[in-house]
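Worksheet: the structure to be examined is printed underneath.
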Amino acid sequence: MIPASQTQLPPEVTNWLYRVLSPEYQDVNRTYSDAAQVLISYPSLRPRTSVFTDENGRPELLLCFTGTIPATIANSVYRIPVEIWVPKAYPFLPPFAFVRPTKNMLIHPGNYVDTNGKCYHPYLSYWRDNVQTSNITEFIRVMSVAFGKEPPVYAKPPNYQTPPPLPPHPHTPTHDIQRDSVMNPLSAHNTGNSIRSGTFPPPINASLTGERVPPPRPALPPQLNHGQPPQYVPSPILPHATPVPVPKATVNKPVDIMDLPDDNRSSPRGSISSLSSQVAAPPRPPPNPQKLEAIEKLKTAMVDITLRHEQTMINENDARLAQNSETLSWMENVVNTEVSELQRLIAASKENEDILKSKIEQAKTVINDANSRPDPNIDDVVCAENVVYNQLYDLVTEDYAIEDTIYVLSKALENDRINLDTFLKHIRTLAREQFMKRALVEKIKNQINLA
């Protein structure tokens, strides 16, 4: 069932589009919606399913839009023939487009198109960063603006000599090659009218005609006339009655899914394998000597640049290694110094530990000796050895007491606690008594020979 109805497209187109997307594409609904929007916004583009062979030679059956897109160049609108492929991982992978010049045009390589006609743009580079908002319609609009700035094609010079066509494959009849140009003519007017009228023109069925699908032919590089510079004049808008033919120099000849037999049509993988088994590679053209010379010069230049870059990197690495070596030497000296200091601290700590252990043992010995002795007599501690010493202790004590009393009386006199007469009376008495006691102390000291 089709997830969304497109009122501006005929049912035949929408049904066919959803039917061919369902078996292979990862996000069918998103791909279908974006593809339908492309057909609505650009009626000059026609959808089809074709076999695309990538750079690794792997074929895939993909949805392709062929036709023209508008580009405003010098205030005039021109139609640029393009071919837009939608990968199966869309929208997680961006689409890829090719410019397909007509027989009267040549590709003009630039910032957006290479010599093979493949399109490049920053919009594709940042596609994965904006998967939800990026779409094919916006990509076509961006490429139209880019083509307006740098035209991807220019008119073929009058004296341009077309290179001889490659010989056909030995197993491919000549009438198959002629059928390529008639098989799917592209016309912006016809495609637009078919969509508006509600009909989708079916392609020619190869199984009914009995002809074989021709093998893909490699793209022929354009040969410019060295005597005359190219004229960058894009092809003007084609009249409504003139169809836009598909260029013969394509990377891969598209094969419509409707051209395949019923068995292969139901299985895209079977169509790819059958085409791969029938199509043989054509003979390669002879190498271009100018191209080989340019490649050799490019190789030599790249080798020189690589050698200079490597030499610069080697010099920088040598300088960095020398600096790191000096730093390591300094750090080694610092570590050795710290190790020596730690060893000294360990030795000092060991010595202090031994001293502490010795003192602890001595203290334990003293404590044990003190605990083993009896308690001393209080009288022996307080009293002296004889009566003379006891008298001396008493005299000295009384002398200090008198001294303290005189100090207290002096403070009382200063604070007006006592009057002067009372102070002098007591002072004379205390002084007399203190004199007598000090004289007796001196007498005792002389008798016992105390200094």
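Cβ coordinates are placed from backbone N, Cα and C, and glycine is handled just like the others.
Copied over from TrEMBL, here are the features:
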type: COMPBIAS; residues: 160-171; note: compositional bias 'Pro residues'
type: COMPBIAS; residues: 187-197; note: compositional bias 'Polar residues'
type: COMPBIAS; residues: 267-277; note: compositional bias 'Low complexity'
type: DOMAIN; residues: 12-157; note: domain 'UEV'
type: DOMAIN; residues: 386-451; note: domain 'SB'
type: REGION; residues: 154-234; note: region 'Disordered'
type: REGION; residues: 254-290; note: region 'Disordered'
Residue counts (helix, strand, coil, in that order) that DSSP gives for the domain 'SB' (386-451):
56 helix, 0 strand, 10 coil
Averaging the pLDDT values of the domain 'UEV' (12-157) gives 90
Summed over the domain 'UEV' (12-157), the DSSP helix, strand and coil counts are 45 helix, 48 strand, 53 coil
